[in-house]
């Protein structure tokens, strides 16, 4: 681009030079635009204005220097200088690095390389001045261009001042100004990003505008550029923007993957040399070819070659573009007469390059953690598109390297694996026990080489006892677990088939089995008697939260005689480095998946929970549907939440939680709240994992998603099981999202990762979910119109009749009957969707057009899903289940929604439920429990976990309240939840009525767009679209595009 801006180049005529200058400006501000959009997305009321304008002053210097250097000065210099002068931007970095290293008290390893690097860069500048000024001392213009180039490169070198100030100078300085400046940078980071981005854009625009006016160029040429020149410019600027952005992303990935030297430093060192070679070698080849073509008739040198072949060529672009570009590059070298002073030019480039390498030599010994935080790796979020390799290397964190190696102790973390079980099958128990033993083999307890974390497994078994002959004994499910442990132990420890070390302890809640695994780690199985302690999953979670975090973690600190401040700090450190891995009783995982989640919490201190990629297992059409549903949900929805905000639900089957986050105010205590109102049963007990994440988000903790952390769990394999499961998930999801939306102002203030824009995205998602049934009715209506060729109004009435009848039957019939009817209707809808899909394809071929609403929607979604699947190559086979998913859309988003909303009053778990066992007696035990622990359990059970009395009247009252909640039409104290069922169906009815009215008056309100054929030519016909449907589809498309772009960024 800079070469095309040169006055003597002929690929672009002189009057079209403003186009090239404008493209250079675009490459300079591209990263600023990205940063501005990201910062605006995260903006909230808590963003502070900086107290000092020093940061903005430096931004002004850097942006002015970059603009002057690339737009004004470099178009008048040769290609060798233009490629290598960017290595000279390390001059200020060298000075700051010298100051930082000299201020340190240790003996520095890279002090001398830094000094020599500074000297080499200065020599490069001296040679550069000699090269151009001695060529023609009377050329005042060239002296000005050279002076601007030197001044601009020095101003650009202020780009990396933050690295040395924040990491070293401010810590070792007694100047209050420097410390306040660092505080400003940290506290006002978001506002500074917005202001600095705008400043860079404005400064760049001003420099371009001023230079074009001073150079007497005309902006009006932008409207009359020939198509060929437009393509050349578009391709070049596209390659520049795309490649610099990818370079920035891949550089970060290389550092986080511990490939710092071979995939980050070395390629960036060689980048400028490689570019120089790619530009100069074609010049040399064409020059030699020209000399060969003369057949020895003339002894032509480089100067003569420039006059005849380069400057004397025809202005037209009849030859190949590549030839003209090579000759334009050659033209920049003609001024210097390379046959005489090539050695000085090359020597200048070499000195600059060696100096840059020496200044950044410390990076070879830089310690980088796996998945290092970007803000800890790169000091500035901005990258420079014009000199991407130099900006990345100079922007990387600066650490003083001493000659004495200091071993940094890795903080050991403690991980508690907490699995909840109930009535899992033998095979399901086998999956999780094998996974725990695999982790024991991967991380032995006494291995000195693996001291980064220790773990202990706890299994909380609900309803583990039954009455036998007046006493309580383990039931068949609990006995199966003991058999599984014995079998797996024998497999992993083949020398001994029997479990050697085990204890059975009597407890106030039932019994406890402790087993030592082959590598020294322990499995503790807590057998719960529901006659002694409250059962169900949430209460098991409360049980292990208070036991592990309250008793195991906190108790020992209050039994020591330690200074109060030290005790508090040590306790906070332990809470920060203690994690709980929540598991289901059938989860299958690998140790690597656990390590990825541990790394996420270890590196990012504000992350309170992290979840992995959940894969449903099983076989059959119902499981195939769920496999694609889970895939799309993780590929797009969960990834988008992770990138643009926070994950709203970290599933309880495989999630890692930080103890500090769980023990925060209003998290564990609120989570222990007993459900006393009807809405509590839906939000608290039906989706406990989502509610826990809601509490964490409200306290300001971040919940993240790690796509590489895979876990497998059994999914419902029959239609009934799926409907019962989603009957729990649907209303609880809606209740928690509404709760978050109602607390938008508080959450956006406390949680830095959640912005109002993200909450608006969630609001639109909630509206889309609510409108799901009516949208499916409209889809079916369009299908009937298309297939049966009937009036759209009649088709809409017909499409509403089956779900309306099903809705009425759901209020009268039992749950099993409702599911049976839903299954029959699902088959009918599936055949209809199959017919519609084939008919739409046939219509596209018959009408010879793809620009109809239905065809555009299908093609658009197909492209999105195929590209998304291609970006996940290990899971690409799941895309074949997509066809089943599409034909089951009416069942999933219409019938299932009706079923779950009508049965909101049913708060039973629905799966694996058995008849309660009668009688109560203390379980047999071999080892008594310690007095202190026994007292702890008795107090905990009394406070939170006493079995709920079987009160028939209270249960009947709660059933009535749940029905009232389902049917309520007015907003009471729990405004968001209590009117949700009535509002749900009323909003869908309003949507259908509005669409019905618009269809009656279609000729008046319809949006008419011209119909195009397969060659994108107008056919003369028009397509009419209802405005409401168009706006909804447009909003849905925007949501999908946001998720798709977030997925690309995440991948």
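Positions of Cβ are set from backbone N, Cα and C atoms, glycine also.
Note that TrEMBL annotation is computational and uncurated.
Here the transmembrane segment (19-41) has Cβ contacts under 8 Å with residues 1-2, 4-5, 12, 63, 66-67, 70-71, 190-191, 193-194, 196-198, 200-201, 204-205, 207-208, 211-212, 221-222, 225, 229, 233, 236-237, 240-241, 244-245, 248, 381-386, 644, 755, 757-758 of the same chain, all six or more residues outside its ends. Residues or ranges marked as transmembrane segment by TrEMBL: 19-41 (among others).
Taking Cβ pairs closer than 8 Å, the transmembrane segment (53-73) reaches residues 2, 5, 21, 24-25, 28, 85, 145-146, 148-149, 151-159, 161, 181, 184-185, 192, 195-196, 199-200, 203-204, 207-208, 211, 384, 386 in its own chain, all 6 or more past its ends. Marked as transmembrane segment by TrEMBL: 53-73 (among others).
Feature annotation from TrEMBL assigns transmembrane segment to 79-98 (among others). Residues 2-3, 69, 111, 114-115, 117-118, 121-122, 124-125, 128, 131, 149, 153-154, 156-161, 163-165, 169, 272, 275-276, 279-280, 329, 332-333, 345-346, 348-349, 352-353, 355-356, 359-360, 362, 386-387, 390, 394, 398 of the same chain, all 6+ positions outside the transmembrane segment (79-98), place their C-beta atoms under 8 angstroms from a C-beta of that stretch.
Beyond the transmembrane segment (110-134), the same-chain residues lying 6 or more positions past its ends with a Cβ under 8 Å from any Cβ of the stretch are 77, 81, 85, 87-88, 90-91, 94-95, 97-98, 101-102, 142-143, 146, 149-150, 336, 341, 344-345, 347-349, 351-352, 354-359, 361-362, 365, 401. If you look up TrEMBL, you'll see 110-134 (among others) marked as transmembrane segment.
The transmembrane segment annotation in TrEMBL covers 140-158 (among others). Within its own chain, the transmembrane segment (140-158) has Cβ neighbours under 8 Å at 58, 61-62, 64-70, 72-74, 76-77, 81, 85-86, 88-93, 125, 128-129, 132-133, 384, 387, counting only residues six or more beyond its boundaries.
Look at TrEMBL and you will find 232-252 (among others) tagged as transmembrane segment.
Within the chain, the transmembrane segment (264-287) has long-range Cβ neighbours (under 8 A, six or more residues past its boundaries) at 79-80, 83-84, 86-87, 251, 254-255, 302, 305, 323, 326-327, 329-330, 333, 349, 353, 357, 360, 363-364, 389, 392-393. As annotated by TrEMBL, transmembrane segment applies to 264-287 (among others).
When Cβ-Cβ distances below 8 Å are used as the criterion, the transmembrane segment (341-364) is approached by residues 78, 80-81, 83-85, 87-88, 90, 93-94, 97, 109-110, 113-114, 116-124, 127-128, 130-131, 135, 260-261, 265, 269, 272-273, 276, 390, 393-394, 396, 398-399, 401 of the same chain, each at least six residues removed from its ends. What TrEMBL lists as transmembrane segment is 341-364 (among others).
Residues of the same chain lying 6 or more positions beyond the ends of the transmembrane segment (787-809) and with a Cβ under 8 Å from any Cβ of it are 773, 777-778, 780-781, 817-818, 821-822, 825, 828, 832, 835-836, 839, 894-895, 898, 902, 985, 992, 995-996, 999-1000, 1002. What TrEMBL records for 787-809 (among others) is transmembrane segment.
For 850-871 (among others), the entry in TrEMBL reads transmembrane segment.
The transmembrane segment feature in TrEMBL is assigned to 982-1007 (among others).
If you look up TrEMBL, you'll see 1028-1049 (among others) marked as transmembrane segment.
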